[in-house]
Amino acid sequence: MPGDEQRERTADDAVTEPSRIARLIAVVAGIAGVLLCGLVPLLPVEETTATVLWPQGVGADGNVTELTAPLVAGAPRALDVTIPCRAVAELPADGGVVFSTNPAGGIEAGRNGMFIRANADVVYVAFRDTVAAVAPREAVDSGACSEIHVWADVSAVGADFAGIPDASGTLPVDKRPQVSGVFTDLKVPAQPGLAARIDIDTRFITSPTLLKTAVMVLGLACVIGSIVALALLDRGWRRRPARTRGRAGLWTWITDTGVIGGLLIWHIVGAPTSDDGYNMTIARVASEAGYTTNYYRYFGASEAPFDWYQSVLSHLASISTAGVWMRLPATAAAIATWLIISRCVLPRIGRRVAANRVAMLTAGATFLAAWLPFNNGLRPEPLIAFAVITVWMLVENSIGTRRLWPAAVAIVIAMFSVTLAPQGLIALAPLLVGARAIGRVVTARRAAPGSWRPCPLAASVAVVFVIIFRDQTLATVAESVRIKYVVGPTIPWYQEFLRYYFLTVEDSVDGSLTRRFAVLVLLLCLFGLIMVLLRRGRVPGAVSGPLWRLCGSTAIGLLLLILTPTKWAIQFGAFAGLAGALGGVTAFAFARVGLHSRRNLALYVTALLFILAWATSGLNGWFYVGNYGVPWFDKQPVIAHYPVTTIFLVLAIVGGLLAGWLHFRMDYAGHTEVADTGRNRALASTPLLIVATIMVVLELGSMVKATVGRYPVYTVGSANIAALRSAGDSCAMADAVLVEADPNEGMLQPVPGQRFGDYGPLGGEDPVGFTPSGVSEHLEPEPVGTNPGTPNSEGPVDKPNIGIAYAGDTGGGYAPEGVNGSRVFLPFGLDPSRTPVMGSYGENKLAAKATSAWYQLPPRTPDRPLVTVAAAGAIWYYEEDGSFNYGQSLKLQWGVHRPDGTYQALSEVQPIDIFQQKAWRNLRFPLAWAPPEANVARIVADDPNLSEDQWCAFTPPRVPVLQTAQQFLGSQTPVLMDIATAANFPCQRPFAERLGVAELPEYRIIPNFKQMVVSSNQWQSAADGGPFLFIQALLRTEAIPTYLRDDWYRDWGSIERYIRVVPQEQAPTAAIEEGSTRVFGWSRGGPIRALP
């Protein structure tokens, strides 16, 4: 209107001219900040170089020794080998290995490595089972060639028998071999011409040069100076009064207390996330590795451009690795996010909204319901959620106060969010939604020269270059990204719907009822508010601009998720803050909508009931140990034997019918509003509050019940409580897992004086159908399947992921003859000279049965709680909930051996088995089940089933002295902890990586069988650049019997011992020559080999 324009013109005339100095600083510092920060990716860095030379000394016999040097990247940057041809003549006539980069006894040694082999006829050089050059053995031995020269680098791969015509060749560069050391059968002393040089790929081990550091410091100083100058310029303008926030009311304080209290409880008892172990291990090894290496995959590539958060975690881990300490950033982000919602977001949307107690309580309940299922771990979503809500607040501050410095700070925070993880892009959503309003603020200052306006904002964007490239270069970050796309898994943008599909998958953590509810409520609030705004134009009592921008930020954020290369449902956790704010406004808006129309209220309640029905069709599932003791973790919730999902679905149908009746009734009765009474206002405003509170109570109650109800049996909550009580000195699951250090020591001995047949005391007097070799040669277990969307799995996205595996040495086979004539390969390190075997495999004509001799039980002590039996085949057992698993009967019978030499048989007990399989495992018989007078026990086996797949085998009973995993492993032994287990074993040391070479682990800690098959073994695979790349080349495994204290039915996981294929004495760890070189940001040095 003309009057308004006149007043605005008068106000502009009254504006004080901003300081020329401040404007000059804003322009110059902004431009300098952009240029300096933009140069950071290209500036030189100091790259640490590492080289292994061979030979490195001689053995006791005076001959060269082998070396162990497992390269994290697999292939070296360059390999150069020369072998004098006369040295080949020292091999036997049938030949041997002249030189290899993998030991011949390793898994797929030739497929991955380089071998120079000699046989009786020829000498050949092969890279990854592809021959590069071959020469007659006679010509090589006779001295027709001077040397064998082999090379492999980023430009060429080849071999040459110098002096022999047509005995050379080259191969494509993708044939560069894996190097895990230097291995040879040659028995020769060090001599001229016998040499190998391995240049390790250390491109990611970089540190900024003095020049780069100075440029980064100056660039950040310029950015800060530009923003400060912008703030001073903002002060120089007479602006509209900002919308003032009243003092927080009583219900705000009450809600703050409830939300923060719930978050603190969840900090102690809450379930971990699927990537806690992943990020924990990366953080723990980063310091020695020299960069944030991807420990479990991708050939040791850097985590850049998303690595600054792991750097923070690395500093935290240097203080303590206890879960309650490492999860502090997530809990702090949660508290800060909520306080911004309650003190800034809701007041900005409307003072009446913030003062409405139902809106405030609903915001708190919805926030908790959205936060708890996703954000209680070491993943980046908690920080992203905080960044999103902070950016929205700053954007609103900039728009409301007509100042630009809050927008500049918002951009900086958004840049930190973007570099947290790909889903951090959603922090850009508030900036995109508010860009038009901020643009009007910029153009409104037409009294001042316009050239300075975008400079501070552009400088804020340029900070992203410093965050990403602070110690990496443009080339190394590009290479890291390339490897991750080559290896995968990645999902294209047009399959974004899979993220939502994963929420619907049953028997999946991502499809759990709590995560379904959080996302469905977010979508209901978003689309519900948009419908109200489109239908009515505004929400009475709320400011339309901020409300539209809140909805727009959420919608744009969901669209930005399309750009992420992965589609894990857990990434929805980044919307937890927005969900809380939307929940509060939805309760406020729909209270008025419900009062306006009974039909609309019925539709609102029906939608919530349908959400509950859909959500409760999933499991109350949590990741790994988070399930321990939780009700309904493996099935849909039930009440009085009725599925809860059915109850809510029936109620939703009733609500829908009621809404339909009210809709058609309007044609006859006309529009009727609901009486504005306290009761009706409560009915209209509280449905979402009630529903969200139910879900929060379920989440908190489930975990508190698990912690209290199972105490002192292991749970996440009990581990965290122990950490708090011991000031972080407890060792979580390592204090609860019990280990048989030597199964042979716990083996029971038969009572002397008994009679038994040819098969010894284990077979008893007259076994039928059971023999010492009655075990199948192949004990491959049944395939294990998991549904689509399983985190850290590379299975197909549209169908179940199927895998087959068994632990250590439990897969069967043959071995030298044992104590009772058995030729069965024994698991768990059992000594065949002391361990007899009896089995019914192959007996398909008679009902097999056997009763062993009586074995003497030792005195009962706390460290010997179990009788265990190593067994194989199909065995009858009951699970803890009473469900039955079919197999053949293998029982333990208690007895009494009296002084007069007689025996009294007592009760028989079925074993505890952890899951159906044929492979060797340890059956458990708690001594608490034994009658007090029992002092002997025997095995009673009965196999009447003649089917080929129905048989059982067993070894003598054991009563081992058990020690904790912490006592067994200690805190200095190098260990491979799988992704799922790493966060639960904070005291164990992950094997180190230094100068691009991995330390060989001595043990592996594995999660439960299903998790191992469908996640660990796939994600950490050799083909994808995981630790199995060198482990399968250099180590073999042996399973160790373990149990979870007082939770004997639990398949918690297992521990495996690694045994070197080539002993340490024969192939000691290589000495590495360390150096440094200066490289510029564009220097690539060739690609890392990231192919299968």
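Any Cβ shown, glycine's included, is placed from N, Cα and C.
According to Swiss-Prot:
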TRANSMEM  21-43  transmembrane segment
TRANSMEM  214-233  transmembrane segment
TRANSMEM  324-346  transmembrane segment
TRANSMEM  353-372  transmembrane segment
TRANSMEM  382-399  transmembrane segment
TRANSMEM  404-426  transmembrane segment
TRANSMEM  517-534  transmembrane segment
TRANSMEM  541-563  transmembrane segment
TRANSMEM  568-590  transmembrane segment
TRANSMEM  602-624  transmembrane segment
TRANSMEM  639-661  transmembrane segment
TRANSMEM  682-704  transmembrane segment
REGION    772-798  region 'Disordered'
Counts of helix, strand and coil residues, the region 'Disordered' (772-798), according to DSSP = 0 helix, 3 strand, 24 coil
Message = For the transmembrane segment (602-624), give me same-chain residues lying six or more residues beyond its boundaries with a C-beta closer than 8 angstroms to one of its C-beta atoms, as numbers and ranges.
response = 271-274, 506-509, 511-517, 520-521, 524, 528, 590, 593-594, 630-637, 643-646, 648-649, 651-652, 655-656, 658-659, 662, 687-688, 691, 694-695, 698, 702, 791, 980-981, 984, 1007-1008, 1011
Criterion met for the transmembrane segment (404-426) and the transmembrane segment (214-233) (at least three Cβ pairs under 8 Å) = yes
Message = At a threshold of under 8 Å on Cβ distances, which of 214-233, 324-346, 382-399, 639-661 pairs most often with the transmembrane segment (541-563)?
response = 382-399
Remark   = Most Cβ pairs under 8 Å to the transmembrane segment (682-704), of 353-372, 382-399, 568-590, 639-661, goes to 353-372
Request  = With pairs restricted to those 6 or more apart in sequence, evaluate whether the transmembrane segment (324-346) and the transmembrane segment (639-661) have 3+ C-beta pairs under 8 Å.
outcome  = no
Query = Between 353-372, 382-399, 639-661, who has the most Cβ pairs under 8 Å to the transmembrane segment (568-590)?
reply = 353-372
Query = Near the transmembrane segment (382-399), which same-chain residues lie under 8 Å Cβ to Cβ, leaving out any that are not at least 6 residues past its ends?
reply = 242, 309, 329-330, 333-334, 336-337, 340-341, 344-345, 348, 371, 375, 405-407, 409-410, 413-414, 416-417, 420-421, 423-424, 426-427, 429-431, 433-434, 437-438, 441, 545-546, 549-550, 553, 557, 573-578, 581
